[in-house]
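So that you can see what the record holds, here are the features copied from Swiss-Prot:
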- Gly10, Leu11, Glu12, Gly13, Ala14, Gly15, Lys16, Thr17: ATP binding site (BINDING)
Amino acid sequence: MRSKYIVIEGLEGAGKTTARNVVVETLEQLGIRDMVFTREPGGTQLAEKLRSLVLDIKSVGDEVITDKAEVLMFYAARVQLVETVIKPALANGTWVIGDRHDLSTQAYQGGGRGIDQHMLATLRDAVLGDFRPDLTLYLDVTPEVGLKRARARGELDRIEQESFDFFNRTRARYLELAAQDKSIHTIDATQPLEAVMGAIRTTVTNWVKELDA
């Protein structure tokens, strides 16, 4: 079986770290053990510096990061990660498990920020070409649930401090995009933890078995 790229998506507090652990455990039970893990923005020295710039509320002092500057920094970090880490890993037969990818930009910047969706799609295609994840698990939570969990973790980053309206628009765009793409599987992450973990296991197991069919 050829290596695959699996991405975990969702609002802050959706449970992406727990989901990643369940995905890894499930893949290992299916005999897949050669894996690497990525996060966006980040995952390379350059991309981590861009992550600090775009997420650390103190990174540029009093200067306001404009919406377009923000999205371009996300794409700069993304293409560096894809070209130097993800594609080489896949070419070497290693599975890649990612914490966020382009769907985040389409939802957060296209939905939350209200940036023109055609422009974002054009930018995505120019930067990434036809490169896409093989499977995306979208963990769906309401902003109320997600931000409550995020706040319990500690200090919020620049984007986590956005309004409920911002996150409601982001979630709506996530759901809209998920409904349009069969490679995106929506998991109700407001369920009890065991139910969420079970849904992830079932989704990943069935998907891998279909690859073998």
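Using the three backbone atoms N, Cα and C, a Cβ is placed for every residue, glycine included.
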Which ones in the same chain are close to Lys16 (ATP binding site), with CB under 8 Å and 6+ residues apart in sequence?
Ile8, Glu9, Gly10, Asp99, Arg100, Leu139
Got a sec? Which of these binding-site residues, Leu11, Ala14, has the most Cβ atoms within 10 Å?
Leu11
